[in-house]
Amino acid sequence: MKELQERIIRDGRALSETVLKVDAFLNHQVDAELTMKIGQAFADLFRSEKVTKVLTVEASGIHFALATAYALGVPFVYAKKKKAVTLSDDVYSAPVYSFTRKENYQISIAKQYLSAEERVLIVDDFLATGAALVGLTQIVADAGAHLVGVGAVVEKSFQEGRGLLEKAGVRVESLARIKSMKPGEIHFVETTPVHTS
Ligand code: 5GP
């Protein structure tokens, strides 16, 4: 998505070779218009799949799931993150390891909001190690629902997330794919290097 790529160059900041800061427009302060266009882009990519529900993880996936669900005319559900590993019968849960926080947490979704008849699209802000998204795919499998694919707003292609998901047979669509980066420089997949300020 050209507009997103241009915005990353303008307002994003590579803090290191692995961490991209986009909190000026994607995941702290949020550009609402861009978010709705992102939702439309995911809806266009997956419309033929007859999606019945969009899934994400709180908190930074919620606005993208909302925009996508609105464009598709379906509901969205966000998995809640819990530190406590108290499993209850009425939720689907999966463990996730956070590399940024260096801790395990549990994501869960109430069973009543994910049935075996659903055709699910998973959406999130970043595809990095894929830990959070793989957790969500486990929940979809536990529910016996059909996963149509995963949509990531920003993919760091040099990390293992895409590979993990594709190995599991999951269709992955990312709107901006970063091949490599370092402070002052961001390289996208299949484009020429672009220098930032
Ligand atoms: P995962 O490693 O499970 O693919 O990513 C988990 C979450 O970490 C993402 O949904 C995102 O919120 C956050 N994250 C991962 N990499 C980055 C990054 O480079 N920048 C920012 N701002 N968040 C990231």
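Glycine is no exception: its Cβ is also placed from the backbone N, Cα and C atoms.
Quick look at what TrEMBL annotates:
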BINDING   L20, N27, K156  xanthine binding site
BINDING   A128, T129, G130, A131, A132  5-phospho-alpha-D-ribose 1-diphosphate binding site
DOMAIN    33-157  domain 'Phosphoribosyltransferase'
Using C-alpha atoms, which one of the binding-site residues L20, N27, K156 comes nearest to G130 (5-phospho-alpha-D-ribose 1-diphosphate binding site)?
K156
Write out, in the order they occur in the sequence, the residues of the chain not among A128, T129, G130, A131, A132 that have a C-beta within 8 Å of the mean position of the C-beta atoms of the recorded 5-phospho-alpha-D-ribose 1-diphosphate site.
V96, F99, F126, L127, L133, V134, Q159, E160, G161, L164
Restricting to the same chain and to sequence separations of six or more, state which residues have a Cβ under 8 Å from that of L20 (xanthine binding site).
I8, G12, R13, A14, V154, K156, I178, M181, I186
Long-range same-chain neighbours of A132 (5-phospho-alpha-D-ribose 1-diphosphate binding site), Cβ under 8 Å, sequence gap at least 6?
V57, V96, S98, I107, D124
Distant-in-sequence Cβ neighbours of N27 (xanthine binding site), under 8 Å, six or more positions away:
S60, D125
On the 0 to 100 scale, where does the mean pLDDT of the domain 'Phosphoribosyltransferase' (33-157) fall?
94
I'd like the per-state residue tally for the domain 'Phosphoribosyltransferase' (33-157) from DSSP, helix first, then strand, then coil.
44 helix, 48 strand, 33 coil
